[in-house]
Amino acid sequence: MKAGATSMWASCCGLLNEVMGTGAVRGQQAGFPGSTGPFRFTPSSDFPTYPPAATEGPNIVCKACGLSFSVFRKKHVCCDCKKDFCSLCSVSQENLRRCSTCHLLQETAFQRPQLMRLKVKDLRQYLLLRNIPTDTCREKEDLVDLVLCHRGLGSGDDLDSSSLNSSRSQTSSFFTQSLFSNYTPPSATVSSFQGELMDRDGAFRSEVLAQVQSEIASANTDDDDDDDDDDDDDEDDDDEQEEEEQNPGLSKKKARASLSDLSSLEEVEGMSVRQLKEILARNFVNYSGCCEKWELVEKVNRLYKENEENQKSYGERMQLQDEEDDSLCRICMDAVIDCVLLECGHMVTCTKCGKRMSECPICRQYVVRAVHVFKS
């Protein structure tokens, strides 16, 4: 049994050697204590070793959304900033591809009012796509100035086309000048050609002179008319100023009612509510608590009576000018003191002078309001 098992084992080992190659199967050796089985497989020199898989290059992604390109998300290069964008983040326009940021700024035609309406994020993104630092920009206006300053960086095609057109125009003008300079007309037609040129020049000059003279004449007439109109306007203004100086209350009387318009108490009853309120407001009388017309009439009657009494007392005091009177206004020294200045509460002026005061003449405090007072 042992001899049969040994021969079977040897035949199996020989078969494996033929299949795997010589030395592919080795018995368990003492130098390999880590082996657990009776066989140890080693790579044969007959089989080639494959190189390791090459590491993939840097994955290119879209500059706008950050997603990698694929079959469904194709890569496009912006014609302005020359950066890579996907089909969703770029706009096709006249067989050219622009990213959404460049397209947005291109729509504004780089006009300052239109650029100021854009978001700061779009302006900053436009500058970053062109590798322009924006660290020093603190306001939106700084970004707009930076865009306008560097707008020539993205318009190389336009510059090239403009330079090409200018060079073409220069070359064409050069050729035309050279042709006309080298051309010599026949001697028989030189005199006739010069005569035609002189006739045309003379006619053209005469037409130009006629147009210039007509324009000068029309301009002079227009200037004369304008001067006449200005003189008329100045005369009208002078007349109006003279009328206002002679009657300073005329324009105000037309606009608002005044206490001086009243000649008697009977006229107060015929006035409207608006006129009554205007009279009270001009004399600094508060009518906020008045709900009926008769209340306004009563206040205007009282104001009118007090005004008449003040005028009578003023006429009497004019006869006694030498006597000192403490009830006269300290500003004009003509009218009676009938006004209190708020917030200080001093009574030193009349109503007319009080409404012109910006500060109290006694305490120098700012005058918030001047209020007419009635003497009891």
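Every residue, even glycine, has its Cβ placed from backbone N, Cα and C.
According to Swiss-Prot, the compositional bias 'Acidic residues' annotation covers 221-246.
Sequence-distant contacts of the domain 'SAP 1' (115-134) (same chain, at least 6 residues past either end, Cβ-Cβ under 8 Å): 63, 78, 81, 83, 99, 101-102, 104-105, 108, 140-141, 143-144, 146-148, 150, 153-154. Marked as domain 'SAP 1' by Swiss-Prot: 115-134.
Within the domain 'SAP 2' (268-282), the DSSP-based counts of helix, strand and coil residues read 12 helix, 0 strand, 3 coil. Marked as domain 'SAP 2' by Swiss-Prot: 268-282.
Here Swiss-Prot flags Ser169 (among others) as phosphoserine.
Residues or ranges marked as phosphoserine by Swiss-Prot on the basis of a large-scale study or a structure entry: Ser258 (among others). DSSP assigns Ser258 (phosphoserine) to coil in the three-state reduction, outside any helix or strand.
In this view, Ser260 (phosphoserine) is surrounded by 12 other Cβ atoms within 10 Å of its Cβ, with every protein chain counted. What Swiss-Prot records for Ser260 (among others) is phosphoserine.
Feature annotation from Swiss-Prot assigns region 'Disordered' to 216-256.
Residues annotated as zinc finger in Swiss-Prot: 56-107 (among others).
Annotation source Swiss-Prot lists zinc finger at 329-364 (among others), citing sequence analysis. Helix first, then strand, then coil: DSSP counts for the zinc finger (329-364) stand at 4 helix, 7 strand, 25 coil.
Model confidence over the zinc finger (329-364) stands at 89, taken as the mean pLDDT rounded to a whole number.
Around Ser258 (phosphoserine), taking its Cβ as the centre, 15 other Cβ atoms fall within 10 Å, counting all chains.
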